[in-house]
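**Q** Okay, handing you the structure first.
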Amino acid sequence: MKWPVLLGLVALSECIVILPLRKMKTLRETLREKNLLNNFLEEHAYRLSNSDSKTATHPLRNYLDNCYVGNITIGTPPQEFRVIFDTGSADLWVPSISCVSEACRTHISFNYQKSSTFEKPGQPITIYYGSGIIQGFLDSDTVQIGNFVSLKQSFGLSEVEYGFDGAPFDGVLGLAFPSISSKGAIPVFDNLWSPGAFSEPVFAFYLSKSKPEGSVVMFGGVDHRFYKGELNWVPVSQPRHWLISMNHISMNRSIVTCSHGCQAFVDTGTSLIYGSTDLVTNINKLLNARLEDSEYAVSCDAVKTLPPVIFNINGIDYPVPPQAYIIKAQNFCLSIFHGETWILGDVFLRQYFSVFDRKNDRIGLAPAV
């Protein structure tokens, strides 16, 4: 299926905003360099989100590796923040000047006293993420993303943060469906979509493979210069999360896991690829990876000989080469496959330009340039 002609041209109009994203040094890398990673992982064991509909969101998976950040502004006059554009959650939040946590001291905080458009309903919120929690209040103000302005936008102001010390971002801008937002708050994308700010209710990601610069997130249309061929469309399994069905995963023409199909989150808030522990263990065995201090180490020379890992989605193969799924860390190499729920994170998305279509509840994938 192809986009209408409009989307092939919309990048040239004012109806699409393309924001630069910057690849940051990850917290995992920083902790590893200081020999603090194992202590951190023990103290911040992965926690699933609370299922209480009053507080829960889909987890921001493994924020240790969230490293693509972009800028937005909040308030009048605008105050700038560096945020993760996260398809795994639905809330926008930044630190408040009233925040008492150590994490807030190293990030930019919102000074509501300096904004003439700030409104303080004061509804308390708690948002649970994969490795952290924020607590604060749900307020509203003007939020700007590029040329798009969202008036009276609900957003969280954190007053207490757990697990975000040293994170390379100030806050999170969630791009999942409104049904998982805290307290029924309307997400930024929906608040812009409702009055018709977008020509098409879509957003898309291009994540550069190596350079810190060059990555973008675009709203309102698709710029075809960032991908090759045609977009292949995959229906969303249920309109709460960006969850899709995978047919199977193979190596060397043999199915190695997910033989009866499985569900996977497409999550820009996660850097690696995750899957159920037993199935990921099978993949790492085939890579001759050995478990060392909670990570799977492999020979750096393996990049020359290992085959691609192929994800079959909606009948189409999406290979991920060993140059992508083996990463160098200081003087050794690691497999990016980790045990958990299946999540296709940035390692996958660097290979494939991704389009998230809210109108038709589907994700488009095509080889990235």
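Don't overthink the numbers, they just go from 1 along the chain as shown.
Glycine is treated like the rest: Cβ placed from N, Cα and C.
Not my notes, these are from TrEMBL:
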type: SIGNAL; residues: 1-15; note: signal peptide
type: DOMAIN; residues: 68-366; note: domain 'Peptidase A1'
type: ACT_SITE; residues: Asp86; note: active site
type: DISULFID; residues: Cys99-Cys104; note: disulfide bond
type: DISULFID; residues: Cys258-Cys262; note: disulfide bond
type: ACT_SITE; residues: Asp267; note: active site
type: DISULFID; residues: Cys300-Cys333; note: disulfide bond
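How buried are the listed features, and what sits near them?
**A** For Asp86 (active site), the Cβ neighbour count at a 10 Å cut-off comes to 27, with all displayed protein chains included.
Residue environment of Cys104 (disulfide bond) contains 23 other Cβ atoms, counted within 10 Å of its Cβ in all protein chains.
Using a 10 Å radius centred on the Cβ of Cys258 (disulfide bond) and all shown protein chains, the other Cβ atoms total 21.
Other Cβ atoms within 10 Å of the Cβ of Asp267 (active site) number 30 in total over all chains.
Of all Cβ atoms in the shown protein chains, 13 besides its own fall within 10 Å of the Cβ of Cys300 (disulfide bond).
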**Q** Given the recorded positions Asp86, Cys99, Cys300, Cys333, which lie within 10 A of Asp267 (active site) by CA-CA distance?
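**A** Of Asp86, Cys99, Cys300, Cys333, within range: Asp86.
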**Q** Within 10 Å of the Cβ of Cys333 (disulfide bond), how many other Cβ atoms are there?
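**A** Within a 10 Å radius of the Cβ of Cys333 (disulfide bond) lie 19 other Cβ atoms.
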**Q** So which of the disulfide-bonded residues is most packed in, judged by how many other Cβ atoms lie within 10 Å of its Cβ, out of Cys99, Cys262?
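**A** In terms of Cβ crowding, the pick is Cys99.
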**Q** Between the Cα atoms of Cys104 (disulfide bond) and Cys333 (disulfide bond), find the distance and write it as a whole number of Å.
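**A** Per the Cα atoms, Cys104 (disulfide bond) and Cys333 (disulfide bond) stand 33 Å apart.
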